[in-house]
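Report on one structure; see the data block that follows.
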Amino acid sequence: MDAAALERDAVQFARLAVQRDHEGRYSGAVFYYKEAAQALIYAEMAGSSLEHIQEKINEYLERVQALHSAVQSKSADPLKSKHQLDLERAHLLVTQAFDEDEKGNVEDAIELYTEAVDLCLKTSYETADKTLQNKLKQLARQALDRAEALSEPLTKPLCKVKATNIKPKPPPTRTHFPLGTNPFQEGPQPFISPQSCDAQGQRYTAEEIEVLRTTSKINGIEYVPFMNIDLRERFAYPMPFCDRCGKLPLSPKQKAMFSKWVRPEDLTNNPTMIYTVSSFSIKQTIVSDCSFVASLAISAAYERRFTKKLITSIIYPQNKDGESEYNPCGKYMVKLHLNGVPRKVIIDDQLPVDHKGELLCSYSNNKSELWVSLIEKAYMKVMGGYDFPGSNSNIDLHALTGWIPERIAMHSDSQTFSKDNSFRMLYQRFHKGDVLITASTGVMTEAEGEKWGLVPTHAYAVLDIREFKGLRFIQLKNPWSHLRWKGRYSENDVKNWTPELQKYLNFDPRTPQKIDNGIFWISWDDLCQYYDVIYLSWNPGLLKESTCIHSTWDAKQGPVKDAYSLANNPQYKLEVQCPQGGAAVWVLLSRHITDKDDFANNREFITMVVYKTDGKKVYYPADPPPYIDGIRINSPHYLTKIKLTTPGTHTFTLVVSQYEKQNTIHYTVRVYSACSFTFSKIPSPYTVSKQINGKWSGQSAGGCGNFQETHKNNPIYQFHIEKSGPLLIELRGPRQYSVGFEVVTVSVVGDPGPHGFQRKSSGDYRCGFCYLELESIPAGIYNIIPSTFLPKQEGPFFLDFNSVIPIKTTQLQ
């Protein structure tokens, strides 16, 4: 953080606060006094040497408290008339016409200029306000003059052309690819051809295009990939824009309080997209999206601390400096990272209010500021409405920023957690700006929540991490903007706070006693005890190399559980060139979600398992043992981190796994690395498949070779291969039985060479599945005997032959 820049922010905010205070605009004054105080808090954290900084902070916060009653009693400024709003819309039409004019899009520019003229003339006839009439007529003249100037070159040549030769302008087509080689990297994105895919220059396959097309439809609405052409989206209209998808469904709590839908100009006479990006001004209401609001808060805090656009860059329209702007026509476009790629979400600006005119959605404490409510609305639209089932910050932050999600469970039997190592990592990475962090509580009783000032299963934004003489602290914000921690180091704790610690943390217990904004300090030990999960979102810029594959796993492929066989699981080869000093490779598995019920009742437990098998296909889950075993969780995102320490080439097999496969899933596997790598699906070398359906029944359930008297009664099949080549044989039987098979040579054609054999087996008998893969089997005739380990184990089985050469099979017994 830049202390000098924060000091300048504080001076600017204080000046605006005092100005509004003197003008009697108390709501604005309250907002800017808070922002000035927060800027000074951050400046002190960054090493500011300003004298009496704490006194100034307290002065601003005391003025906030004093103004609260004045805000309640003061009547609001009059709202703009319809005709004033029409003038603003006309100005936007002309502005967007001028943009198209500059780009040489003559026909689009003429259309926009003409609509501006029509709107200005219509409104000038309707209003009796002479000043407004003059402004409208002046704007109409300017627009008309430019439209006529543009029309002249078009109309002159057309006079010589026969009408039959005139063809209508074709509608624009979406032939461009989503922005950028890596849409998550900062900076301008290069244009990419329609076929391109990723940072490694690969093209999308037909399967990938179909995956992205299929998962574009979310809750019945299509959200297409965000493309270069979308930067030319039209935002100016003569009438207020209405989303053709209709109003968002409300939650039951909203319905109970709902009065009507309003636009920003119905609430304030000076709507603005962003006054200042602040985590402290964001307030959640009755929508159950605490994790989303916490995600907005930490994104805003990041922007303020590091002066890098993160959250405010995703909403359009934007000016030429890339800053989001208020649109009097009411149309907005938000770029969200959904189902594998950045996608385009169109909304209008209608928001729900209660009978008192209070918003029933999240909002900024500065009521004229819109970005919080509009970004929330876009996300709620995708999620099916304000009746949001709830989420977690990994999902929300990935959608908002594209940053890499990671989950740390502090009380999990399957995941180890080190308090000391975790704190050191979080402290270092947080202050470098590498990571965004939230913390969530788990299930607790109402009495426990009341005792400790915590909300059960609730997400809190992490705003700061500090350490002082061996004591470790986390600063949290409750998205509700009220209700704080009541344990150690709360504002009411008279035992543990020392003057020295208060100075270091810039904390005066008297200040929060005056105003509850939901922000508090908690010790790291208490957070680890009373909270359940820490959600991290990593800056993808840390790992410059990235590529992805989009794919589908059909529910019909393989068994429901992959506890015994991975033969039908999607598998990938990852080859990494590790430099001196080591490297990190992260693999993010993201399941695409297209249905609200799926999101609310996520029953798909996914994971990624890593094997060191030189990129070869893995058939048995535990043979060889996994290099990194995955934990199956019902979150759409799963991150695997591979740490490399020795230089050279490292080759891995990555296996997508589910706990119980019930449904077909679409997913994206994205690899991030600081060093070069290649990543691809493991292809099947086989082009010919043949399946035999058989069963062990009665006498034919003879068991393995240990049972000589009955083993000879097992089914026997014969297969004939005309040419030498590779062969894969798989046997699937009931999971409760251990199964295996033998292959016996009957005859071969010519000299079998080194690949000849008399007898081969599938190895140890295994539950439900076994296989034998031969690099080359000589041309000839062979018998195969499938069996269970014990006699009298009856049931069906499947024998699958996979080769590049046609196979003839017959049953001998």
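Keep in mind that glycine also has a Cβ here, set from the backbone N, Cα and C atoms.
Feature annotation from Swiss-Prot assigns active site to Cys290, His458, Asn478; the stated evidence is sequence analysis. Feature annotation from Swiss-Prot assigns domain 'Calpain catalytic' to 232-540; the stated evidence is sequence analysis. What Swiss-Prot records for Met1 is N-acetylmethionine, and it gives similarity to another entry as the kind of evidence. Per Swiss-Prot, the feature phosphothreonine maps to Thr95; the stated evidence is similarity to another entry. Look at Swiss-Prot and you will find 541-701 tagged as region 'Domain III'. Positions annotated as region 'Domain N' by Swiss-Prot: 702-813.
A map of Swiss-Prot features onto the structure.
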{"residue": "Thr95", "record": "phosphothreonine", "Cβ neighbours (10 Å)": "16"}
{"residue": "Cys290", "record": "active site", "Cβ neighbours (10 Å)": "26"}
{"residue": "His458", "record": "active site", "Cβ neighbours (10 Å)": "22"}
{"residue": "Asn478", "record": "active site", "Cβ neighbours (10 Å)": "26"}
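Following the DSSP three-state reduction, the secondary structure of Asn478 (active site) is coil. Counting residues of the region 'Domain N' (702-813) by DSSP class, helix then strand then coil, yields 7 helix, 61 strand, 44 coil.
His458 (active site) sits 9 Å from Asn478 (active site), taking the C-alpha atoms as the reference points. The two recorded residues, Cys290 (active site) and Asn478 (active site), show a Cα separation of 8 Å.
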